[in-house]
Structure formats: C-alpha cells, structure tokens
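In TrEMBL this protein carries:
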type: SITE; residues: 12; note: site 'Important for substrate specificity'
type: ACT_SITE; residues: 70; note: active site, proton acceptor
type: SITE; residues: 71; note: site 'Important for substrate specificity'
type: SITE; residues: 152; note: site 'Important for substrate specificity'
Ligand SMILES: Cc1cn([C@H]2C[C@H](O)[C@@H](COP(=O)(O)OP(=O)(O)OP(=O)(O)O)O2)c(=O)[nH]c1=O
C-alpha cells in the first residue's frame, strides 16, 4: 500500500481527512502563494494545489501519494487570506448581504498520475453590521481564513445558506477527493 501524504499546514484539512479513517502523514509545503488576479478562480486554486502537491512529491519516496488543496473566495475578484484586521474588515463588508463562491483546488499525485480538479460552493451571507464585523475580527478567527471567515466557527452565524459541498468551504472537498482516490488510485474510503 502506498503512503499517503497530505501536503498542508491546515489543521482543518488534516481533521477532514482524519475523519475518513485514512492513514496518512502531513508535511507542509512552503511554496510562495502568489496569485495572478487576472487568472480565473478555478485556474488559481488548481495551480496552487498542484504546486503544493508537487513540492512535496519531488522530495518524497516514489511510493507516496501526495494530496494538496488551496481555497479562495470569489466575489467580483479573488479574495484570499486577510493580511491585517483592516483587510479582514474590508473583505467582510464586501461579502455582507451578498452571494460569493468558495473555490477549492485539489491535486493528488503519485509517480503515475497527476490529477488536478476543483470544486465550487455557493455561499449566501446575511447583512452584517460594522459592530458584528468588529466583534468577529476580535475573536481572531478570520485571520488565517480565505475571505476572512470560518464557516466551521463563529463565522457560521453570518451564513444564510450554502449550495454545494460544505467541506469544500472548510478547505477540502472530501467527496470529490474520495471519488478520485477510488477511481484513479484504487484507494477506497468505504
Ligand atoms: C472560507 C473558509 C476558508 N477556510 C480556510 C481553509 C484554508 O485553510 C484557508 C485558505 O488558505 P489556503 O492557502 O487554502 O490553505 P492554508 O494556508 O490554510 O493551508 P495549506 O496551504 O498549508 O494547505 O481558509 C476555513 O477554514 N473556513 C472557511 O469557511
């Protein structure tokens, strides 16, 4: 059986994969997450996911399968992780009372296959007051999250509805990933 490596620093991705009962280890990739904002959101997340996976693939034993992902929010433009509280506030004001899309690119590679795919989830936000945004930022939750919120945390109270895979918003489209593992890599979660 090949060794599975999750190329990620994200505790959320680790948790989602762990819940599937798979045996894997985590190694964080340290690629620079530079994006060309003129590219489409799907090509941005797919290319970053592939670069994270490939970074670890080239440093690993050849009998490894590497999984990596990248998540961004899209509302008229690409919204990544906020670099400051001020940026977090700007992002949350943009998302307030609007519909945005969360894109997660996922890449799975071994010595025979290099798969890159993405999943898109629609998220509708309620109207937020400045006070709610300020209080939320003070929790510290938004700072390492694309779009400056966490649907799995207190940020859930901002969400009116979603259409699509919830886990894709949290950072790992586990249902699609499981299909790819099964169809291409002969790894069956169930
Ligand atoms: C929208 C949203 C994003 N996020 C997170 C998922 C990702 O971890 C993060 C986006 O940053 P990413 O660059 O995709 O991932 P990361 O830097 O956290 O981890 P790594 O590159 O090492 O795998 O935002 C949530 O946890 N909840 C949410 O609701």
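Note: Cβ is positioned from N, Cα and C throughout, glycine not excepted.
Mapped onto three states, the DSSP output places residue 12 (site 'Important for substrate specificity') in helix.
On the backbone, the CA of residue 152 (site 'Important for substrate specificity') and the CA of residue 71 (site 'Important for substrate specificity') stand 14 Å apart. Shown are the recorded sites 71, 152; of these, the residue with the fewest other Cβ atoms within 10 Å is 152. If you take the C-beta of residue 12 (site 'Important for substrate specificity') and look for same-chain residues 6 or more apart in sequence within under 8 angstroms, you find 152, 170, 171, 172. Look at residue 71 (site 'Important for substrate specificity'): DSSP puts it in a strand. For residue 70 (active site, proton acceptor), other Cβ atoms within 10 Å of its Cβ number 28. Look at residue 152 (site 'Important for substrate specificity'): DSSP puts it in coil.
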